[in-house]
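Here the structure comes first, spelled out in structure tokens, and everything after it is commentary.
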Amino acid sequence: MPLEMDQKVNKLTFGCQRSSTSDDDSGCAMEEYTWVPPGLRLEQVQLYFACLPEEKIPYVNSVGEKYRIKQLLYQLPPHDNEVRYCQSLSEEEKKELQMFSAQRKKEALGRGNIKMLSRAVMHATCEKCGEKINGGEVAIFVSRAGPGVCWHPSCFVCSTCNELLVDLIYFYQDGKIHCGRHHAELLKPRCSACDEIIFADECTEAEGRHWHMNHFCCYECETVLGGQRYIMKDGRPFCCGCFESHYAEYCESCGEHIGVDHAQMTYDGQHWHATETCFSCAQCKVSLLGCPFLPKKGRIYCCKACSLGEDVHASDSSDSAFQSARSRESRRSVRMGKSSRSADQCRQSLLLSPAVNYKFPGMFGNADDTLSRKMDDLSMSRQGAGFDNDTWKARDEQETAEDHEEWAEHDDYMTQLLLKFGEKGLFQQPPEDNRSNDHWMSENIKGKNDLQRNNRNQSLASKKYQSDMYWAQSQDGLGDSAYGSHPGPASSRKLQELDMDHGASGYMHEKMPWYKRSLECLSNNLKPQNENICDSMDSLALSNITGASVDAESKSRPSLFSYQNFQELNTRDFDKMSNMGTLNSSMLNRSTESLKSLNSEICQEKPPPEEKPMHTSALKRSKSQTRPQVKFSDDVIDNGDYSSIEIRRPPMSERSRRRVYNSEEQSQRPHHHHHHRRRKSRKSRSENALHLATDSKSSGKERKRSYTAEDYERLFHNKSAHEVQAYIQNADLFGQYSNAASNVGLPSQVVDKFLGLYGEDEDSWCSTCSSSSSDSEEEGYFLGQPIPKPRPQRYQYFSDDLCSPTNALSSSQFSQRTSKSKKKKGHKGKNCIIS
């Protein structure tokens with residue numbers, strides 16, 4: 001035999017000897033492996049290990065060797081089989097452990113057999129993966145599963161942990177193979193603390209695992225947690241104290257520990273207390289609990305503006321005190337169809353333009369418009385009775401010491417207006433030569449002060465109107481209760497001064513005849529008189545702010561207008577103002593007579609006495625005007641007793657018919673000289689401005705008297721020079737009346753027809769005593785012209801001083817308004833209230 005052949009045989013023989021198995025359980029027949037499957041030849045061993053991952057092959061001094069040792073301890077724990085490895089078993093438990101181990105070995109323990117499939121085998125399938133095992137390949141068979149069941153070497157794993165069964169040792173249970181650990185757990189619970197099988201009757205179960213009763217304790221301090229609060233961390237129980245000291249998070253907002261008793265918010269590794277204070281916007285501190293947020297540079301924000309560092313609460317408005325109220329009113333204005341012009345734009349454009357009339361931006365005080373000025377003063381009238389100047393003079397002396405520019409030092413817009421146009425600006429009489437320097441207050445306002453100073457009985461509404469007329473309009477005409485609780489300083493002063501004026505005596509006039517006055521006073525006083533045409537609008541807004549009704553019984557309200565601006569107002573301005581003031585405020589505030597007529601069966605008012613003194617307190621007269629839905633702050637509240645009066649707001653279906661209802665009621669009841677007499681409703685106030693009529697006030701005991709020139713001379717003959725001073729500011733109203741009446745020359749029949757649109761009964765409107773007169777109705781002559789008698793059942797309009805009908809409108813303009821007024825009889829025009 002050749003030498004080479006001998007070497008090959010010797011090599012093969014040597015290899016077979018190394019591959020032979022020994023009788024011990026080591027299974028390490030080959031030197032290069034720490035363990036080899038028993039009973040296999042070398043080529044079969046090499047084929048088997050070739051099917052396993054390289055890191056799991058148990059080479060000597062390799063990673064596979066360490067892996068095998070680890071798996072032996074894990075899959076085949078010694079304390080599951082041997083009592084000597086257990087720590088704290090009772091005698092009974094030890095016996096039970098021995099029985100348990102013997103039963104498992106007998107019923108489930110086995111070792112897999114490695115076989116090379118014959119090439120004739122064509123249909124072998126892996127039990128794990130279900131793939132086909134071809135002939136000539138190595139497969140593992142399990143005797144407890146049956147002869148035909150086999151696995152790939154890499155698929156022979158525990159059904160629970162999917163780890164390779166170490167040394168091919170398995171436990172068969174219910175058609176599946178398991179490692180020793182998980183097979184034992186199928187039969188008995190294992191303690192998560194000591195890793196031993198629990199043979200006791202009681203155990204603790206938590207988080208899906210089990211413990212011996214005395215083994216369920218804190219992982220750090222070993223405090224028994226049975227029945228106590230605990231926190232699981234990485235599969236280990238901790239008491240609350242140990243958990244907070246080792247694992248508690250810090251709040252990103254306050255920097256404190258987030259205790260186990262506090263809920264926390266976690267985002268991107270950051271933690272916050274789940275409170276409105278901590279989990280809030282880093283800029284504006286708005287709570288973000290339950291809200292989306294914007295994370296930026298480790299901080300959270302509520303919006304993009306805050307993340308950029310902007311102050312979302314900053315206001316660029318000059319009256320930030322009314323921001324919330326204006327927002328409520330703006331939402332209301334969308335429904336009411338109000339002008340979309342902002343309040344800031346309105347105030348800035350009006351205050352910074354002295355030539356523009358504040359109340360009506362569309363009306364300008366043009367000095368060249370002589371016809372407009374004459375028409376304005378023809379509508380303007382005065383009354384011969386009013387307050388004494390002593391009360392106002394004492395108050396003016398106290399306030400003149402105030403700095404003239406004090407209003408400019410205040411940032412708040414309302415404070416500026418009240419300082420500039422309050423009592424100081426409205427009631428103080430500056431010298432004639434200084435009028436040209438007062439650009440902030442029009443001379444029309446000063447004329448209005450003279451007119452209101454002549455009232456014999458100042459009421460709550462009239463006193464508040466004097467100091468607050470800019471206050472009402474500065475809210476952009478908002479005639480709603482959004483500002484009803486504004487505690488303005490001017491309004492509080494007026495309420496405190498109510499009872500100071502009710503006993504004042506009337507004016508005495510100079511003996512100088514009215515027709516001897518120069519025309520210079522006329523030019524000084526005629527400047528912007530046209531603004532008062534919108535007083536009915538402002539009174540509606542003001543009544544909601546101050547809570548007092550500003551009606552014809554409360555103060556003199558002359559409606560001044562210019563002939564050229566009337567059509568512009570009729571087509572444009574009143575469409576805006578009526579929606580804004582009249583419609584809104586009329587629904588909120590009802591006149592006394594309307595409430596009485598609509599609620600005659602429900603609200604029984606105590607009838608006032610037949611004759612009231614001329615100095616009756618304004619608060620007593622305003623009791624019927626009190627509306628419970630308007631709320632006031634403490635500094636403007638009147639502590640009078642109003643509990644005896646019950647007022648119910650009528651339903652909407654009754655509101656639009658209140659004048660017709662009143663007309664029927666007035667026609668049925670006798671005409672008494674009531675002090676609490678019928679008032680003009682807010683609706684008539686709006687139409688008064690629309691129809692170019694003035695709220696002329698007659699004196700308390702006179703009604704439809706006619707006067708001649710001799711009567712006026714006798715009137716002024718009895719007046720003192722000091723008390724006629726009020727008429728100086730208005731420059732010969734009587735002369736204006738005479739001239740304009742003769743120049744314009746309106747037909748008296750048209751006047752009666754126009755004035756008749758407003759009358760439902762024979763009661764006239766009185767500004768002072770508020771009583772209807774039944775004195776003589778004889779015919780008279782005014783400057784040689786006969787005064788026509790009015791039709792019955794109609795109101796007659798009188799000037800404040802002359803107490804004679806005002807016939808001061810052009811016939812063309814008047815006939816145009818008369819035709820429009822006929823269509824609007826019943827108050828269904830576009831500027832009327834539509835419920």
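Please read every residue number as a count from 1 along the shown chain.
From the backbone N, Cα and C atoms, a Cβ is placed for every residue, glycine too.
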Where Swiss-Prot places region 'Disordered' among the ranges 312-346, 557-591: 312-346
DSSP helix/strand/coil residue counts for the domain 'LIM zinc-binding 2' (189-249): 8 helix, 17 strand, 36 coil
DSSP helix/strand/coil residue counts for the domain 'LIM zinc-binding 3' (250-313): 4 helix, 18 strand, 42 coil
Tally of DSSP helical, extended and coil residues in the domain 'PET' (14-122): 54 helix, 9 strand, 46 coil
